[in-house]
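Working notes, structure below.
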Amino acid sequence: MAAGVAAWLPFARAAAIGWMPVANCPMPLAPTDKNKRQDELIILNVSGRRFQTWRTTLERYPDTLLGSTEKEFFFNEDTKEYFFDRDPEVFRCVLNFYRTGKLHYPRYECISAYDDELAFYGILPEIIGDCCYEEYKDRKRENAERLMDDNDSENNQESMPSLSFRQTMWRAFENPHTSTLALVFYYVTGFFIAVSVITNVVETVPCGTVPGSKELPCGERYSVAFFCLDTACVMIFTVEYLLRLFAAPSRYRFIRSVMSIIDVVAIMPYYIGLVMTNNEDVSGAFVTLRVFRVFRIFKFSRHSQGLRILGYTLKSCASELGFLLFSLTMAIIIFATVMFYAEKGSSASKFTSIPASFWYTIVTMTTLGYGDMVPTIAGKIFGSICSLSGVLVIALPVPVIVSNFSRIYHQNQRADKRRAQKKARLARIRVAKTGSSNAYLHSKRNGLLNEALELTGTPEEEHMGKTTSLIESQHHHLLHCLEKTTGLSYLVDDPLLSVRTSIIKNHEFIDEQMFEQNCMESSMQNYPSTRSPSLSSHPGLTTTCCSRRSKKTTHLPNSNLPATRLRSMQELSTIHIQGSEQPSLTTSRSSLNLKADDGLRPNCKTSQITTAIISIPTPPALTPEGESRPPPASPGPNTNIPSIASNVVKVSAL
Amino acid sequence: MDRCARRCRSPLGQAARSIYQLVAGSLSPDSVEDEFELCTVCHRPEGLEQLQEQTKFTRKELQVLYRGFKNECPSGMVNEENFKQIYSQFFPQGDSSTYATFLFNAFDTNHDGCVSFEDFVAGLSVILRGTIDDRLNWAFNLYDLNKDGCITKEEMLDIMKSIYDMMGKYTYPALREEAPREHVESFFQKMDRNKDGVVTIEEFIESCQKDENIMRSMQLFDNVI
């Protein structure tokens, strides 16, 4: 439950008046306020500065230092105040959190000092409000990076003794500065990349004529030399790729990474060329493949941080570029259409179709103006509009895009942060919600376990549940009333419960009847002794639904049995109530006196009213609802159960 | 490209809009009409003495109540949205908004769309400090959605559904469709003496007084504050 609305709990409990007349069952008892204190002012002395607040303000957040009994450790008897030897400035923010429900981060504070204070007072930093959260996270990240950089530079100086050979190699690949060998390798590969690129370029330069034939490019003239160079480069690249593949901590991820794809694309053409023969048909395709050799230049990005950043920013700026492209395309199509129709009339015009005018439009808009297509008078008007608008269309977005680079870069970072924060926030809200509902189910479960323990009389730890605050117990009572009103119950599916109970009861459940008898007897025996203490200790949890005398039940929580036995367990864990017939509250002594009690009926009309706690989500089919067989005549407790056991849905006492 | 198209559309829309505005010469800022908030004005309740006379709370209790009230609603008035939101925090698993609406209408006695502190405290005073008959009256008033003096089956069904909604989906046994209706039927069987299909206030109070469970549960409210 959100602590901020604890003050409205009385209202919520009062609003439950609407459920009372429609409820068919009596409500559980309310938790009483044992030490009903009037709301009082308490004084918090933080390093000499006195803060005062109401006690209930602090109790809004019972899981923090100030809201729990932990602050009693700081109570100073002489001065009757709570003394904290901490920073009063930060305490101001902390106390405002209790008052307003929002935690703020003051900008002038050091982030680590603030974190320390929050940790001391038991407040999670995730609660920081939206207004200050971004700032907090930024500062925290900066700080963390700074610390990490310090650590890294320390680490680089020391030797890491325990790295394996593979890890050393990977480190050498990623950070060439770690060792001399890595540096040498780094420069050698860089050199060969450069050589390879220059080779590719020079290959195509015409090298002078061989007598008796036309001018040849160098590549064909000195083909052997170039081939050797190419082979050498490719071999180096292959070796490098294989070494990286070997050293990579996650090979699968390495193969999928961009750099390794570039590596592969760079060296594949060579191998494909080796494999293929000088076949006329495929040589055309082969030539195309050689184009991919230019990708070797991208291998430089491993060597240059700047290239990597450029690539990343282009990627993140893709939407703006896309928009520019889209608007240009729109303009091109518009003007090409206009030019085409303007030039349609004139003969011998080059504007034969709209796609043919595209070229003119592009050339004009980018102010290139080759002059291969020139319009006539009508076209000139539109052509001039085209070139003017081209200037605007292109010149305007370019500076915007340039400034967008830095803005978008930061903005993307912040958008991701906000998304992560939103996810974290939603997760927090969900956790708080499930926390509050879990708290209720938890207390139910604890109540259940406590009773189980009492029943079996084992001297195990009886302090199962932690003491809940008054507000929590009142909230749980409210939820419990709702369960009673509707006759449904919140699901507890907790494997822990089943484990514990199977520990408690080490039976081999061979014989259902035997077990039932055992249970009946043990519960009957324990009846006088255990019921009253448990009644008083768990006021909200032991009144049973629909029984006039709030008595008991064979209260054996379910345990982890195979499905065939499961049904019997379910039944055993509950009192069974029959909708229209018979009374046997056989498990309680009082039932022996009970006759066919029509009085029960107004309380529980339907036979489906259960508040069973089932530890394993059982298929509902196991408990057929609504039908009931006629009960046997004898009211004996032991014999009744097996016969009725199979079809009636039971109700458990909580 | 798909993502680009989606993101392109909004800057395009904005570009088109601004071009239109430029051409049309109307670069006026967006005129967003502020919704008329009924409760923006800060409302101060009447003095403590008057509230003490009108309700059955002691001075200290009123102080505590007001502090909690003002903390959640600094403007001094709760509107329906706020009310629903506050109430839903107590029932994380289910949907309490319908029941909260009914509650809001019950607290908002002058039907002006806002619950002020006086309304709030007046309602609480009846529920927590009133006689059993007062409380039953209040409950009847809650059930009677159209305030015509009698509860019909449809009204009761609405109320019942809203209560069951608060339980949420994860219940045992699973909520069946007919459960609210059946519950309403049983309620009417108990309450509707003359079987005319509506429950009047007299029938209601009479039937409740005969029912021990209801009487006992009404006494639960004595110790809430």
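Cβ atoms here come from the backbone N, Cα and C positions, even for glycine.
Copied from TrEMBL, the annotated features are:
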type	residues	note
SIGNAL	A:1-16	signal peptide
DOMAIN	A:40-139	domain 'BTB'
TRANSMEM	A:181-202	transmembrane segment
TRANSMEM	A:222-242	transmembrane segment
TRANSMEM	A:254-272	transmembrane segment
TRANSMEM	A:321-342	transmembrane segment
TRANSMEM	A:354-371	transmembrane segment
TRANSMEM	A:377-402	transmembrane segment
REGION	A:522-564	region 'Disordered'
COMPBIAS	A:522-547	compositional bias 'Polar residues'
REGION	A:614-645	region 'Disordered'
COMPBIAS	A:636-645	compositional bias 'Polar residues'
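Taken together, the residues in the domain 'BTB' (A:40-139) have a mean pLDDT of 89 on the 0 to 100 scale.
Counting residues 6+ beyond its ends, the transmembrane segment (A:254-272) has Cβ neighbours under 8 Å at 230-231, 234, 237-238, 240-241, 244-245, 248, 286, 289-290, 292-293, 295-296, 298-299, 301-302 in the same chain.
Here the transmembrane segment (A:321-342) sits against the transmembrane segment (A:377-402); at least 3 CB pairs are under 8 Å, leaving out pairs fewer than 6 apart in sequence. Panel annotation: around the transmembrane segment (A:181-202), residues 172-173, 175, 218-219, 226, 229-230, 232-233, 236-237, 240, 293-294, 296-297, 299-300, 303 of the same chain, lying at least six beyond its termini, place a Cβ under 8 Å from a Cβ of the stretch.
For the domain 'BTB' (A:40-139), the DSSP counts in helix, strand and coil order read 47 helix, 20 strand, 33 coil.
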